[in-house]
């Protein structure tokens, strides 16, 4: 437009205007030369991108693709249940994908319980029966049990007899008598009676001696009464204990004999019962472990949610990022191709107003 001037004849147009018209016609020529390549590219991308998006992305989002794969005969000579070794048509892609989205284990998803029976594989009842039979046949033989030998029994009886105390009867009778051979109180009374019959000088001495004897009797009573009482009690205790010693020794020896007979008679059964109780406890431990192993294998191990997430991620990357970009690309090229025809017409119509004419049009 900068090269156009009003009032200038078409045969006298400037070079700038003539170059603009030539560029218009060159654009038309290039459009006719290369537009078929652009159309072919648009058609190829449209066929690939559009069909892939409709057949894969849309079908995956509404689960029609999995339903199509589940239709018998779609894939020739292919049966998912037969491939997994299952009975009947129990397995299909839709159900497997749904369970994997719920984070189920592969054991439930692939119906592996129809192929491998954990109850038969991990059944220990058959082994328990064999163990019980073998245990019943077991014969326990013990060496003779001797708690006390005959020599030890004789030593105990000898010690019991040797431990008998002497006869304390005379000793107790002597302890019950006065500490002194005579009674000091009687002697003091005699001295007082004698003092009444003698002179005054001797009388005071006798009364003093009688008083001293009475005080000495009191001191002896205070000093010796406690130890004498304790000594008597100890003697009586020794006598009563010694009287029971022989009976206790005999009872202990009888108890030892009974215990020895009981052990010789019942020890094999006791060992057998305790061993069987221990085996039952071990079997309970094994059953608990097997129950845990079953629950872990069937519910905890090999969860397939990562597989479903991987498929969803592949769908998101392929459809949301790649195919959407491809479809946007051919859609843009399609609009460019669509606007190419009016641009050719417009360029041809405008070229005559820009190019320098050899002959001026006269109307």
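Every residue, even glycine, has its Cβ placed from backbone N, Cα and C.
These figures come from a predicted structure and were not determined experimentally.
Taken from TrEMBL as is:
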TRANSMEM  23-56  transmembrane segment
COILED    199-248  coiled coil
TRANSMEM  328-348  transmembrane segment
Worksheet, complete the sentence: On the coiled coil (199-248), the mean of the pLDDT values is 69
Discussion item. Checking distant contacts: for the transmembrane segment (328-348), what same-chain residues at least six beyond its ends satisfy Cβ-Cβ under 8 A?
Written reply: 24-25, 27-28, 31-32, 35, 38-39, 41-42, 45-46, 49-50
